[in-house]
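Participant: Sharing a structure with you now.
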């Protein structure tokens, strides 16, 4: 398909009309009633994918809903579009590119020919170079300019070059086994870099500059400041021993002073928000090693295969994406909460924000026509039980419908005894997981509360309406493979929703104009230049106030 081909309006299809009628029939039905009608739904509406046990029974759906949603997916040619993406067809139509993040985790002995090239060979060639480099780093064979071992890698990137590595580093911290830690710098606010470097020793620090073009403003600004910090301490000759690059621009990498032999490449068919399993993960491989990184990739591939081969009716990412669309377009939900009951997944919701919202936050379809329905779920969240003491009040008794994904693990990597010295803190954590999904679903009625002797005037305040939908995702333990499975589960949900909405989930034109405006305003803010075009009164006043407070003429 090219960007010029018209895309049928999914809201004008019989499948959409059937779902609308179905919503009229069951939209007001409470989860209490769904479970009363079918007490076994908690054992029926479940899927196991790899190490993930996914319970979607606490959603406001029936078996009929699932079938109608699958019919909608087929009306949107989801299976054909999925196969096209996996085969390397240019499904990113606005940029005329393949979308092949799934190729990053294909086994070495497979083959995928795209534009005459076996991309699997290319991927594993880079993985081999990454592995050889990180082996040297981890063993101490690679030393800094002073001869000392590297004990800290600082990843400088932004967006997909930062959010993924930050999240995975925290999630897999227990797998760090070579005495190397990582820090991550992304914000152009100088406070970020200053804080990250404040207690580091230049001689034991390695910088990874992650920028495909090696021209990203924030990344190059931070990298230049980091370079100055290093050379002030160790001299210019130290740059080649303390800087490596993840990029495709050899000329600019060389000009920066980085030996291009220490440049790790990737491809235009890897979007930033889908790149954590590419060379963008170099900092992670340095910390956890090539074997754990390979396990991470294998987890992605498990879910990729399921997404490719499982029937839509039992395809986990497809069903979860369809359920998200059900809430967004038929029940009026605007956001989805992601609630990991694992402190190691503290950055998972922030990672998913970019993955989902940059992908599907579009108002124009791939053929250039306006969308005719809501798109782009708003993702947000916090770890349990922290969120319970912050925003769960709104989830339980507020007026907004917020479907939530609960993620938990049976076996903790860390555990401690409870106050009595006997119980498990992890058991206490997970008892909250199960209790919250139960109360969100079933609530507590006024009659039940009154029967407990609650004063009549207090009863309305204690009613828990329930009927708040959740997905429960359980795994045995948070391992590299399980983390890869979780990420791929959400990647393919994004694709599913994007296909049905008819949008291009793999471009991000909405972030470009603000960058250009910032470039135009910088000389106005810092010097005496006049703006290229008349500023609106608000921006003009703000700029003048800023200049005055910076000691510049207004």
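Think of each number as a place in line: the chain as shown, counted from 1.
Positions of Cβ are set from backbone N, Cα and C atoms, glycine also.
The active site, proton donor annotation in Swiss-Prot covers 358 and is backed by sequence analysis. Taken from Swiss-Prot, the feature active site applies to 389, 515, supported by sequence analysis.
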Participant: Tell me, how many other CB atoms lie within 10 A of the CB of residue 515 (active site), whichever protein chain they belong to?
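Facilitator: Other Cβ atoms within 10 Å of residue 515 (active site): 12.
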Participant: Can you tell me how far the Cα of residue 515 (active site) sits from the Cα of residue 358 (active site, proton donor), in Å?
Facilitator: 15
Participant: Cα distance, residue 389 (active site) to the residue listed as 'active site, proton donor', nearest Å?
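Facilitator: Rounded to a whole number, the Cα-Cα distance is 29 Å.
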Participant: With every protein chain in view, what's the tally of Cβ atoms within 10 Å of the Cβ of the residue listed as 'active site, proton donor', excluding that atom itself?
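Facilitator: The residue listed as 'active site, proton donor': 23 neighbouring Cβ atoms within 10 Å.
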Participant: When a 10 Å sphere is centred on the Cβ of residue 389 (active site), how many other Cβ atoms does it contain?
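Facilitator: For residue 389 (active site), the count of other Cβ atoms within 10 Å is 10.
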